[in-house]
């Protein structure tokens, strides 16, 4: 049976932690849709089109990965794509409470939808997009925190490093 999973997020920007989860989830599922959220509640540093492009560049050698954007309820997006599994990353206990609530909310909207949680590898456990945005705002180095193609993309587009 073909299993399609969705890994949703704002990916503002894509981190090594995100890529860790993407690589591992893509080995578990037949198709992994990395779903870039057009967030109504967050003001992103990078526009949706740039976040999608960074993901496409970083996942171009992952044949089972598709990058798509969405601005609907995640449960509806999953149903439209025939996905029955959501993949979420957990870095710390503080992530768990939020993710548990979101998992229950999505299951209440789509009872066929399961959420699985993957922990990033230890070297990526501290990385978050918000930390990277803060470093970028202060013109710091991010090359050890993001995939090389993302670092190059940001350097070319933002000239802020």
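Backbone N, Cα and C atoms are what each Cβ position is placed from, and that goes for glycine too.
The substrate site recorded in Swiss-Prot comprises 10, 74, 88 together with one of 42, 139, namely 42.
Fewest other C-beta atoms within 10 Å: among the binding-site residues 18, 88, that description fits 88. Distances between the Cα of residue 90 (ATP binding site) and those of the binding-site residues 10, 42, 74 are shortest for 10. Taken over all pairs of the listed substrate-binding residues (10, 42, 74, 88), the Cα spread reaches a maximum of 18 Å, rounded to the nearest whole number.
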